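Accompanying notes for the structure given below.
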Amino acid sequence: MEMARVIVDVPSKGTNRPFDYLIPESMRDWIEVGSRVGVPFGHRTVQGFVVSLHDKPEMDISKMKPIQELLDLVPPLPPDLVELASWMSEKYACHEMTALQAMIPSALKGKAERYVSVSEESDLDEEEESDLLLIPKTREEEQWERIIVGFIRQNGPVRMEQLSSRYPEQAGIIKSLIRRGVLQETQNIRDKVQKKTLKTVILNVSENETEQVLQSFSAKARRQKEVLQFLLEMNFPMTLKEVMSVLQVTAGTVKALEEKGYVKIEEVEVFRDPYKGRKFKPTSPLPLTKEQQTVFDSITRGLNTLNYGAYLLHGVTGSGKTEIYLQTIERCLSLGRQAIVMVPEISLTPQMVERFKGRFGSRVAVLHSRLSGGERYDEWRKIREGKVQVAIGARSAVFAPFTNLGLIIMDEEHETSYKQEESPKYHARDVAIKRAHQHGAVVILGSATPSLESYYAARSQSNSEFAPILLEMHSRALGSNLPEVHIIDMRNELRDGNRSMFSRKLHQGIAARLERGEQMVLLLNRRGYSTFVMCRTCGYVASCPECDISLTYHQKSNNMRCHYCGYAAPAPAICPDCGSEHIRYFGTGTQRVEEELAKLFPGIRVIRMDVDTTTEKGSHERLLNQFREKKADVLLGTQMVAKGLDFPDVTLVGVITADSALNLPDFRAAEKTFQLLTQVAGRAGRHHLPGEVFIQSYTPDHYSIIHASRHDYSNFVREELKHRMALSYPPYCRLILVTFSHEKLPLVVRMAENFSTELQAKARKLGWYGGLDRLTSAALEVLGPVASPIPRIKNRYRFQCMIKCRGDIDAVELTKQVASEIENSVHDAHFQISIDVDPQMLM
DNA sequence: AGCACGCCGACT
DNA sequence: GTCGGCGTGCTC
């Protein structure tokens with residue numbers, strides 16, 4: 001193959017297509033689909049990915065430039081992922097490069113580094129007269145030229161940044177020298193993270209010399225002597241950092257020793273292992289219950305066919321889904337194939353990792369967002385190089401570069417965090433299904449509360465791409481019963497004079513648990529709220545000057561920050577509007593709950609988990625461990641306490657306010673509430689002690705609350721589907737959210753309107769238009785334009801249109817087309833249109 | 001995205 | 001007369 005088509009790392013609509021390059025002879029054997037290359041592009045060198053290879057040119061060969069460099073010996077992406085990226089760019093209306101980039105660790109996002117060296121042919125003194133005439137030089141300029149050329153000649157190829165920081169005023173002269181060919185510029189792609197090395201101090205004197213050497217130190221070089229003695233004692237190479245911190249010496253001291261030749265300082269490569277030193281207790285398969293066995297057998301039959309298959313595993317909390325995952329993975333591996341396990345980021349706890357490492361040991365790679373760039377890269381390489389067969393991680397683990405994939409598991413498949421909110425705005429579930437199709441693999445979607453989309457697809461078997469087979473588990477693996485759930489009408493509490501945030505029943509429940517020494521989980525459902533600063537006198541709320549959103553208060557630094565643009569300001573002591581001192585920090589409320597608990601139950605030990613206490617690295621894990629070790633009676637927190645935690649001694653779960661998420665303007669509000677209540681109720685009585693759940697609510701008759709209290713998923717779904725159908729919401733239609741943004745509000749509004757008009761006109765022409773009546777007629781509807789839920793971010797105004805359409809028409813393509821027309825009609829590069837296919841967050 | 005090419009106002 | 005403002009158009 002002589003030429004390659006390359007997607008270049010210049011994400012813009014003008015460059016969102018492959019460019020053709022010649023493959024130099026020397027690279028012919030190495031360049032493959034998926035190779036990462038450095039290519040000349042315009043006046044610079046950029047990184048790119050080879051997406052196909054060709055023999056015959058499709059364009060004027062003289063216009064083609066050769067690939068400049070091959071960046072990896074093994075292509076970072078196997079061909080199926082390259083194909084997947086192309087599919088994603090279509091489905092989610094994103095740039096192909098953005099999709100490719102999402103698949104590789106950021107360590108492999110190289111940027112060009114510019115070097116300048118002195119040309120061999122050209123010489124400053126022998127420049128032709130004509131050049132001199134064209135570029136008249138002052139004496140000063142001539143002097144600068146000599147200085148700069150001299151500097152570069154002495155130092156070899158010099159980095160451009162180094163040059164411009166050394167001679168900041170002389171950019172013009174450097175440019176001119178390059179243009180005249182006195183200097184020449186080369187560009188190379190350099191990876192962000194390289195193999196990790198540590199500066200290590202190595203002793204460079206033999207043992208019999210040591211006495212003599214130590215004697216030779218003058219009294220003044222006391223520190224140096226200490227370092228040397230220390231190294232002798234340790235008799236082992238120490239890292240420079242260690243030496244410095246143990247002996248409290250500076251790097252200069254060690255450097256001095258190096259200059260005397262007594263030690264060597266070397267860069268020693270280390271392999272990062274985030275789980276280094278941790279022992280994982282090996283576990284073996286547990287006996288399956290009858291229900292588990294049935295499910296396992298079904299999936300195994302699917303696995304054995306080596307064909308695509310999808311299963312929606314609906315199992316109540318505690319029904320033992322994880323054990324099924326483990327045993328199907330085992331089976332998958334025995335077939336010589338690999339497996340991916342996805343769990344929501346928040347559930348990727350050490351306990352979860354432990355279960356997988358315990359069963360599969362070193363055959364597991366863990367892709368965690370908390371890993372450093374380098375650690376992530378190393379875990380990823382283990383997968384790419386076939387050193388592991390199982391990858392476990394959050395959303396992006398779906399791209400684990402296995403070549404013989406047999407199984408993809410998505411735990412808690414209803415979780416919204418599987419949808420990426422930034423471009424590429426993909427849903428890991430769709431991607432998993434696509435990848436499984438590519439590989440002839442099996443997908444397992446597991447949840448106690450499956451998303452309506454998945455459940456509907458399984459029930460109706462209408463969506464041929466997906467159509468999972470429904471598998472259900474109704475009982476808990478350990479034989480415990482689902483906890484008894486009490487709904488408490490808080491309106492009655494108020495009527496009866498109880499103004500506390502705890503109902504009388506919950507109060508009694510807590511008191512009883514304290515007496516018996518059992519543990520409790522308390523959930524404060526405040527989704528969509530965060531800590532904000534408000535004046536109680538005039539109602540002033542501190543908000544960001546650039547974005548129309550209130551600032552979040554951070555206790556630790558006593559300042560306020562904007563979630564969207566990073567703007568920060570100190571928290572005011574008095575109201576900037578009215579001067580009142582009654583300024584208050586309204587939080588998630590967990591703090592207030594904690595205070596009230598302490599008042600009502602003196603001596604109660606509470607662990608509070610919310611944004612304030614879990615921002616620090618590892619704090620989440622630490623708090624959970626403390627609770628596990630029974631260092632507290634109560635685990636109090638927001639949504640994060642509801643997820644997949646398994647504490648044997650928790651016998652009470654209390655939901656302080658069940659309905660705050662219900663009132664959000666989101667058609668999934670009921671579904672989210674049901675899921676949250678069911679999940680958190682599942683935390684109680686998982687083992688031998690029976691559990692009890694108290695749900696406090698001001699709308700106790702809402703069907704999401706009633707059905708959650710009865711652990712009745714199927715009746716909830718029946719009712720919710722009725723609503724969705726009546727209002728034409730997913731799964732009865734598809735949504736596309738189009739957002740327009742620019743600094744100037746009128747432009748945004750006008751363009752959003754143009755878009756809406758134009759899209760409707762085009763749809764009408766295609767016969768798609770005509771109201772969404774129950775899918776019987778062709779259907780596409782444009783809602784809006786309206787201001788986005790956050791109408792201004794980073795000083796850019798935002799308007800949006802929501803498109804509702806039937807699942808079987810390609811409205812994405814039409815949307816892209818119209819969006820691009822609108823974009824082209826605006827002569828301002830700052831104007832942006834963002835397309836979100838199947839949006840999750842509607843607020 | 002960059003970066004050069006190209007056509008109209010304030011200066012040595 | 002030039003330097004330079006940033007509009008627009010291209011990158012294999």
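Backbone N, Cα and C atoms are what each Cβ position is placed from, and that goes for glycine too.
TrEMBL labels come from automatic prediction, so no person has curated them.
Here TrEMBL flags A:302-468 as domain 'Helicase ATP-binding'. The Zn(2+) 1 binding site annotation in TrEMBL covers A:Cys535, A:Cys538, A:Cys575, A:Cys578. The Zn(2+) 2 binding site annotation in TrEMBL covers A:Cys544, A:Cys547, A:Cys562, A:Cys565. Feature annotation from TrEMBL assigns domain 'Helicase C-terminal' to A:570-724.
Location within the structure of each feature annotated in TrEMBL.
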residue: A:Cys535; record: Zn(2+) 1 binding site; CB count, 10 Å: 21
residue: A:Cys538; record: Zn(2+) 1 binding site; CB count, 10 Å: 13
residue: A:Cys544; record: Zn(2+) 2 binding site; CB count, 10 Å: 24
residue: A:Cys547; record: Zn(2+) 2 binding site; CB count, 10 Å: 21
residue: A:Cys562; record: Zn(2+) 2 binding site; CB count, 10 Å: 21
residue: A:Cys565; record: Zn(2+) 2 binding site; CB count, 10 Å: 16
residue: A:Cys575; record: Zn(2+) 1 binding site; CB count, 10 Å: 20
residue: A:Cys578; record: Zn(2+) 1 binding site; CB count, 10 Å: 13
How many Å separate the Cα atoms of A:Cys578 (Zn(2+) 1 binding site) and A:Cys544 (Zn(2+) 2 binding site)? 18
Averaged over the domain 'Helicase ATP-binding' (A:302-468), what pLDDT does the predicted model reach? 93
To the nearest Å, how far is the Cα of A:Cys565 (Zn(2+) 2 binding site) from the Cα of A:Cys575 (Zn(2+) 1 binding site)? 23
For A:Cys575 (Zn(2+) 1 binding site), what is the secondary structure state per DSSP, taken as helix, strand or coil? coil
A:Cys544, A:Cys547, A:Cys562, A:Cys565 excluded, remaining Cβ within 8 Å of their centroid (Zn(2+) 2): A:Pro545, A:Glu546, A:Ile549, A:Leu551, A:His563, A:Tyr564, A:Gly566, A:Tyr567, A:Ile793, A:Lys794
Sorry to bug you, but what's the C-alpha spacing from A:Cys544 (Zn(2+) 2 binding site) to A:Cys535 (Zn(2+) 1 binding site), rounded to the closest Å? 16
So of all those binding-site residues, A:Cys544, A:Cys547, A:Cys562, which one's Cα sits nearest to A:Cys575 (Zn(2+) 1 binding site)? A:Cys544
Setting A:Cys535, A:Cys538, A:Cys575, A:Cys578 aside, what same-chain residues sit with their Cβ within 8 Å of the center of the Cβ atoms that define the Zn(2+) 1 site, listed in sequence order? A:Arg536, A:Thr537, A:Gly539, A:Tyr540, A:Pro576, A:Asp577, A:Gly579, A:Ser580, A:His582, A:Ile583
A:Cys547 (Zn(2+) 2 binding site) and A:Cys538 (Zn(2+) 1 binding site), distance between Cα atoms, whole Å: 22
